[in-house]
Each structure stands twice: as C-alpha cells, then as structure tokens.
Amino acid sequence: MTMVFLNKEIRDGDNPDLTEERKTATFDTNKMAEVIYGSEKLARRRREISQAVSLIPELADSKPLPFLSRNEKILESTRKVTALNEHLPRLINMNDEDEAWHIHSEVIGFEGNPLALHHSLFIPPLVIQGSDEQHEKWLGRAKRREIIGCYAQTELGHGSNIRKLETTATYSLSTQEFILHTPTINALKWWPGALGKSSNHAVVVASLIIKEQNYGPHLFMVQIRDEQSHEPLPGIAVGDIGPKMAFNGADNGFLGFNNFRIPRGNLLNRHCNVEVDGTYVRPPHDKMNYAGMIRVRSRMAAEQGTFMAQALTIAVRYSAVRRQGFLENKSQEVKVLDYQTQQHRLFPAIARSYAFIFCGFETIQKYETLQNEMNSGNVSLMADLHALTSGIKSVVTYQTGEGIEQARMACGGHGYSMASYISEIYGCAIGGCTYEGENMVMLLQLARYLVKSVELAMRGKPGDLGPMVAYLAYPDIKVDLVTGPEAYVKMFQHISKRQSIKATEKFHRKMESGVSRDEAWNQCAVELTRASRLHTRLYIIETFIRRVDSIEDLSIKMVLTDLMNLHLNYELLDVASYALEDGFMSSTQMGFIKNQLYSSLEKIRPNAVSLVDSFQFSDLQLRSNLLNFLFQVLGRRDGHVYQNLFEWAKSSPLNQTEVLPSVTQYLKPMMEKAKL
Ligand SMILES: CCCCCCCCCCCCCCCCCCCCCCC/C=C/C(=O)SCCNC(=O)CCNC(=O)[C@H](O)C(C)(C)COP(=O)(O)OP(=O)(O)OC[C@H]1O[C@@H](n2cnc3c(N)ncnc32)[C@H](O)[C@@H]1OP(=O)(O)O
Ligand SMILES: Cc1cc2nc3c(=O)[nH]c(=O)nc-3n(C[C@H](O)[C@H](O)[C@H](O)COP(=O)(O)OP(=O)(O)OC[C@H]3O[C@@H](n4cnc5c(N)ncnc54)[C@H](O)[C@@H]3O)c2cc1C
C-alpha cells in the first residue's frame, strides 16, 4: 500500500512531471512540516487526522459546492459539521485547538459553517470575560455544543467605531435586569457569522447605561432563540443578511432587540461589574472589553499564511504540470513554472506564507502570555500587543489577498474557473482585510503607538521605548547588504524609522499651524499608515530571521535560508524608494538587491513543489480529493488535472440536459423570427 505522506511524497501513478519535481527536492517534506507547524507531534497529528478523515466518506462533500444554491450550501456545510461532531472524540484530542482547527478546515473548507464562529468568537469571549460562575453556567454547554453561539458586535451603522454602537443595555434598578434595545434601523446588529439562522445564543456587545450614564461597549450573554422550537424569543428580530462575496455556507445575520430583558448576571463580569444597586465596578484596563479582538487578531497571521499557502499549493503544482511554450529545447514545451515571471509571481508569496506562519506562532504565544497576565490582574502588556496585532492583521491580510490573486492568475484560464478553488479561498481570505477591524483603521491604531514612541525618542527618552520600537532611537549608520540578513534589518529599520519620524513631524507641524489634533491626524493619515506598514513588515522580517536561526537540521536550514533571502530582497526592493529618497541606499545596492532576488528564484526553483507539499494539505482540504474526483481539481497532489477538469465540467447541472429552457424559450424563437 502507498503511504499518504512519504519523504518527498513520491507515489506510483502520479503525473511524471510532478514526480520529477519531488525527486529534485533537497530536503524532507515531513521535516519541513515539523518546522512549519512547530513540532514533530503537531505535524504528525495533522497527517494522521487527514488520513483518518479521508477514510470517512460522509465527511467529504456530497456534491460540488459551486453548483449548489445558498440553501443547499448551508444544508451541506451543516450536514458535514454535525457528522464531524459525531466523529470528533475519536479523531482528535478534544482539548487541542490546533487539531480542532485542522480537522474543521479539512472537512468544511472555506465555505463556512454554523459552528465556525461558535469556537472562534463565541467561546473565547466567554472564557476571557466571563466569571467562574458564568463559565459554570454556559461554558460546558457551549463546549458540548448543547447551545450554538455567535459574536454580535457590528451594527448596520457602526463597525469600526465601536464606542458609537447604538444598541443599549440599560440597567433596571427595580428588576435588576438589563434591557437590551435597538433604537434605530442603523442599530441592528449586522454581519455576525452564524447569527442569521443557526445560533440560539449570542455574545452581544452593547453600550451599558446605568442611571442615564453611558459606560461604553460591554459584553452580554443573550439567548436569542428558544432551545426547543428554535423560534426567535419574543422581543427579538433575527435573520440572514443575504449572499456574500464568499463564505456562503455560513449565515451571517442581523439582530434587533425590542426592550428585551436579561438578568443582571448576563453581563460578562470577570473584569467589570454592575452591582445590585447600580454601582459600576471598573475593569483594570479601559479597553478590557476589547481583549477578545486582540486574541482573534493575534491568530490571523498564521491563519492567513495558511490560506495563502493553500492557493499557492494549487498554483505551484499546476504550474509544474502545465506545459506551454518553449525555451531552448524546441522539441518539448516547458513547464510554466520554468518561466522567470511565473517564479516571480509565486515564490515571493511562498516566502510570505512561511513568514506569516512563523510570525503567527510568535503572536499567538504573545497573546497566551497576555492572557495569563490578565488573569492575574496585570494588563501592562495590552497596549503593545494591541499595536502589534493591529499592524500584523492589516499587512498580512492585504498581502495574502495579493498572493492568492497572483496564484489565480498564475493558473491562467483554469485559475478563473471555480474548479481551481482559488476564488473560494480568495473570497474568504480577503474578508480578513475588513473583519476584526478594517485595515486602515487598524493601521492607524498602530500609528498612534508609533507616534507616541517617536515623541518619546524625540524627548530624549529612548530608554522608555519598548523592544519592538527601540530602533526608532538608533543612529543612522550606512550598511553593506553583502554582509547578510542583519544588514537588511538595519536598512529596513532606517526606512521604517524615517517614515515614522517624518509622519510624526508632519503631524506636529500641522498642529503647530493651528489645525486641530483630529484634523491634523487625518491630514497625515496616509503617511501614518505607511509608517505602520513599514514597521510591521520589519517585524515580520525579524521573526523570519529568528525562526531560521533556530533551525538545526542543515538541509531544512539551507532551503529556508534561500526562502528568507528571497523574502528579504523582495521586501526591500518593494520599499526601496524610501531609502533611495534620502540616499541611504545607493543605486548600486538597488542593483545588488535585484540580482540577489533573481538568483534566489533560481535557487528555489528545484524545491518549489516540495516547499508547498510541505504544508501537507490533503486533496480533501484543497477540494481536489480522489474520493470525490468531481470537485475542484487543479491542486491535486497527483497532478492529473485535465481529465478531472473534464469530469468536473461534465458534472455541471447545465450539462445534465442537452437543450436548456433558455434555448427553447428565447434563443430558438429569436432565430426562427430572424429567418422569416
Ligand atoms: C473541540 C471542537 C473545537 C472546534 C474548533 C473549531 C474551529 C473551527 C474553525 C473552522 C475552520 C474553518 C476554516 C476556514 C476558515 C474560515 C475563516 C474565516 C472566518 C471569518 C470569521 C470572521 C469573524 C469576524 C468577526 C468580527 O469582525 S467581530 C467585530 C470586530 N470589530 C472590530 O474589530 C472593530 C474595530 N474597532 C475597534 O477595535 C475599536 O473601535 C478601535 C480600536 C479602532 C478604537 O477604539 P476606541 O475608539 O475605543 O479607542 P481609541 O481609538 O480612542 O483609542 C484609545 C486608546 O485605547 C487603545 N486601545 C484601543 N483598542 C485597544 C485594545 N484592544 N487593547 C489595548 N488598547 C487599546 C488605543 O491604542 C488608544 O491608546 P492611546 O490613547 O494610548 O493611543
Ligand atoms: C466576512 C465577515 C465576517 C464578519 N463577522 C462578524 C462577526 O462575526 N461579528 C461581528 O460583530 N462583526 C462581523 N463582521 C463585521 C466587521 O467586523 C466589520 O465590517 C468591520 O469591523 C469593519 O467595519 P465597518 O463595516 O463599519 O467598516 P467602515 O468603518 O464603515 O469602513 C468603510 C471605510 O471607512 C474607512 N474608515 C472608517 N473609519 C475610519 C477612520 N476612523 N479613519 C480612517 N478611515 C476610516 C475604512 O477604512 C473603510 O475604507 C464581519 C465582516 C465580514 C466582512
């Protein structure tokens, strides 16, 4: 029997073009997977889980999803997630979030499902903001999936500016209840995933009002539907918001309250409280109620990195079996992966996927440290992590969107077909630019932090700068890029520092000229977001270097060094104008960076397929599975693309009949009429 994952993933019967690629690899893909996923155990568990899932037919799509209506998609995603629920205890360690995430993405893919938000946005705020008593009451039920929940914060009229949320939770002294109310159409909750038709509970974010004083956004546990009939409770209006760009297997919804009462104990009160007499007990940090958002953002680098990696796996494998045009040898057309332009399209994005995943591991760990500190009352790390994750979520989502789109174009016409699966990945991933804080808004949050840091440095207090921004006070010393990665970091530090200082000085000048602070901020906003992006890209580069430095296996270290060098040169080239502008970079250095970049592409070429194989996405996960060969097919591990594309097309509902009603009703009469 052929094993699912071999050293270089060579299997009998594969397309020989892919086999040839796998033979040229200089490293072991299993070992690389250990580096990607953080440990031998995690990488092995993923393979075991993929293998187990592939043997359970009911966990595969029963129909090609692109051919389904919205109702059918929701039915199918719900069928799969509930079937999965039955198998879960046997397949994964139920306390291991990584395993749970992996198995869900295997089975559900990118289309969404009614439980996706339950585990990522309903349970976490309950854990973070709920007291022990509240955990006792709801957490076990939620974890056992006796109840289904969502996170209802955004409203029709407000998403970014949550201080202005209009849904109110007014404390009634006489009944010791909160009265939830939606005063206007704009105040309807709008967007929460799985709210529309599936959830019976929601963590609702509403402005807390006590004795006519507004205490800002707070989190409340609210039952919205009857647990037996699933009908909305009296006083609640709830429904689906309609089809979206993607993620249509999930029911994002709206929610309105008509003076709906909940007990005082439903305010999630681990860190703040309203006492019986209406006394408000403040949390240890003003923005404590936003902590759940830091958690989600801290996971986005790794998440988006794997989204992009899936699109790249599809595009790189396909590029190795797609032959078109000639190079030197005119007797055989070349693999399109041999074109430098194709490599330039795909390889820097592979490097970014690795970089985002490595960076993601660090931010997830940082969040876990923050969480432990918060539990013991120390909130001093919140500001730093809020700034860092605000920048990272914005940069990685944008660059992931770019990378996936390049992957699509790299597949030519077939990339545009839903058979590639890339449009589904793109539609889901690109939502990340908006959800969990619109990117510009979040870049401006990081900019606040950078401006404050520059001000500290300007006031001669560099010692007060945290390690993340210490470079803002470093002197400018020219660097020789030939000396290696540290010189690239120094060059990037100079660029980032200069932009932060320029933006801050411009902001100060505006205010000195009499413009109000808010107006001055707005007039500098583009420059400020540029500073945030540069700072974040520098941070990502540094995490990449740290990770490569820590690797012991020589063959893995060598290929990752090639990938890291590609990343360094690509990133620096992309922002070179900032350093050319003040003469910190010479045109000779610019030429050096370009040459290094092209030589990195050549070095990576023989390892390209194995670099994406190392993510070890199963065919099921890429919707290119053998069990159901009718589904999306471009990223198949075995590379047999064309015959499966043909099968896919034949399965289109349009092809189930030779003459469509559109022809009999309209085209035929038109043609007949024309003959008269
Ligand atoms: C066993 C089984 C287990 C199963 C597990 C199953 C897993 C299932 C997985 C399924 C896998 C399937 C795979 C497919 C993958 C599909 C994935 C796609 C999923 C899509 C899901 C989308 C979910 C989306 C959810 C949301 O979007 S929720 C809503 C998010 N909303 C926002 O983010 C709003 C953004 N706005 C804000 O955060 C704030 O308004 C603001 C921060 C912008 C401003 O706030 P505010 O006005 O209050 O503050 P100021 O600007 O005035 O600043 C004042 C100071 O406060 C500081 N500040 C602000 N925020 C914070 C903070 N969070 N922490 C600390 N400090 C903060 C500022 O920095 C200011 O400080 P200063 O004054 O010193 O400068
Ligand atoms: C797929 C998806 C899933 C979602 N899931 C959930 C969920 O489960 N729960 C939930 O509560 N919400 C959810 N949301 C909502 C999401 O969190 C918000 O849409 C997001 O926070 C952006 O807010 P907004 O829609 O108000 O955008 P807006 O703020 O209206 O953005 C519009 C434009 O205005 C600009 N802008 C706004 N404010 C500023 C500013 N201060 N400075 C400069 N520019 C500004 C933005 O940059 C943007 O260009 C989801 C959204 C999506 C797309």
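From the backbone N, Cα and C atoms, a Cβ is placed for every residue, glycine too.
Note that this is a predicted model, so its numbers are computed, not measured.
Here TrEMBL flags Glu436 as active site, proton acceptor. Under 8 Å, Cβ to Cβ, and six or more positions away along its own chain, Glu436 (active site, proton acceptor) finds Met293, Val296, Arg297, Met300, Lys393.
The number of other Cβ atoms within 10 Å of the Cβ belonging to Thr154 (FAD binding site), over all protein chains shown, comes to 19. According to its DSSP assignment, Thr154 (FAD binding site) is coil. Per TrEMBL, the feature FAD binding site maps to Thr154, Gly193.
Under the heading domain 'Acyl-coenzyme A oxidase N-terminal', TrEMBL lists 28-148.
Feature annotation from TrEMBL assigns domain 'Acyl-CoA oxidase C-alpha1' to 290-451.
What TrEMBL records for 485-672 is domain 'Acyl-CoA oxidase C-terminal'.
Note: Gly193 (FAD binding site) has non-local neighbours Gly112, Ala116, Leu117, Leu121, Cys150, Tyr151, Phe247, Ala250, Asp251, Asn252, i.e. same-chain residues 6+ apart with C-beta under 8 A of its own C-beta. Residue counts for the domain 'Acyl-coenzyme A oxidase N-terminal' (28-148) under DSSP (helix as H, G, I; strand as E, B; rest coil) come to 90 helix, 0 strand, 31 coil. For the domain 'Acyl-CoA oxidase C-alpha1' (290-451), the model's pLDDT averages out at 97.
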